[in-house]
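Straight from Swiss-Prot, the features:
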ACT_SITE  His100  active site, electrophile
ACT_SITE  Glu169  active site, proton acceptor
BINDING   Asn9, Trp10, Lys11, Gly175, Ser208, Gly229, Gly230  substrate binding site
Amino acid sequence: MRPILIAGNWKMHKTQAEARQFLREFRPALQASSAGVRPQRQIILCVPFTDLAVVVEETRGSGMAVGAQNLHWEDQGAFTGEISGPMLAELGVRYVIVGHSERRQYFGETDETVNRRLAAAQRHGLTPILCVGESLQQREQGLTESWIVGQLDRALPGIDLRNLVIAYEPIWAIGTGKTCAAAEANRVIGLIRQHLGADHLPILYGGSVKASNIDELMAQPQIDGVLVGGASLDPQEFARIVNFQALTPAAAAAP
C-alpha cells in the first residue's frame, strides 16, 4: 500500500517567528479538525532555508517531516546563494522539492539540472519530490501526456524510483485558483504511474489545493496525497487538508 503524503510548500513565506507561531496554532487545529494526525498520513512541511532549523527543532518527535524547496547538485563549492545536500541532511531535513515550475520559470531550471539535483538528494539520503506538469497552452494543444512523459524521461535516468515522490502540478492551476478536475488529475497521475511501471511510487497532486476540494481529490484511487501551496500557510486550513475525509466514489462523482 502506498503512503499518503500531505506536503505544504511555504515558498518564500514566513520568518522564523512566523514559523513558530504557525506551529503553535497548527497542532491544536490538527486535533480539533478531526481525531488528530492519522498515523498513515505523513505531514511534510517544505519551508524556506532560513526556517529549516527552527521547524526541525519544533517538530521533533511529532511525526511530521521537514523538507527543503531546492538544493544544488554539488556537495560544496563556489555557488553563491546555494544549499547542498550535506547541509540539508545535517539539519535533519528528510525531503526536498526538485523541479518546481517556479524554479523552472524564474531561475532557468532544466530537466538536466533537475536530474542532477535528484541524484544529489538521493546521494545524501534525502527523498526528492519531483514536480512535473504542463502549461495551459500545452494542455489546449493536446500535449499534456507527451510533455509530462518527456519531463520524466529526461529527469529520471539513474534515479532510484524506490526513494522518490512525484508531484503532478499543472502549471495553469498553480496559484491561480483553478483546480484541475479531480477525475482528470487522477487520469494523468495514472498515466505517469503506468509510464514508469512503478505501482509503489507515491504520486501527489498540486495546484490550488484547498480545504474545499481536498476530500474529492483524495477520493481518487491514483492520488496518494497533495502538494499544497497557499493553503498550507494557514494553520486552520492546512489542518483540515491533513484531516481530509475522502468521499465515497458515488459522492465524488456527484455534480
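Every residue gets a Cβ built from N, Cα and C, even glycine.
The residue listed as 'active site, proton acceptor' is 15 Å away from Lys11 (substrate binding site) when you measure Cα to Cα.
Under a cutoff of 8 A between CB atoms, and with a sequence separation of 6+ in the same chain, the neighbours of His100 (active site, electrophile) are Asn9, Gln69, Asn70, Glu109, Cys131, Glu169. Ranking the binding-site residues Gly175, Gly229, Gly230 by other CB atoms within 10 A of the CB puts Gly175 at the bottom.
Ranking the binding-site residues Asn9, Ser208 by C-beta neighbours within 10 Å puts Asn9 at the top. The substrate site is set by Asn9, Trp10, Lys11, Gly175, Ser208, Gly229, Gly230; from the centre of their CB atoms, other residues of the chain with a CB within 8 Å are Ile174, Val228, Ala231, Ser232, Leu233. Mapped onto three states, the DSSP output places Gly230 (substrate binding site) in helix.
Ranking the recorded positions Lys11, Glu169 by how many Cβ atoms sit within 10 Å of each one's Cβ puts Glu169 at the top. Asn9 (substrate binding site) falls within a strand segment according to DSSP. For Trp10 (substrate binding site), the number of other Cβ atoms no farther than 10 Å from its own Cβ, over all displayed protein chains, is 22. For the substrate site, whose annotated binding residues are Asn9, Trp10, Lys11, Gly175, Ser208, Gly229, Gly230, the maximal Cα to Cα separation is 14 Å. DSSP classifies Gly175 (substrate binding site) as coil under the three-state reduction.
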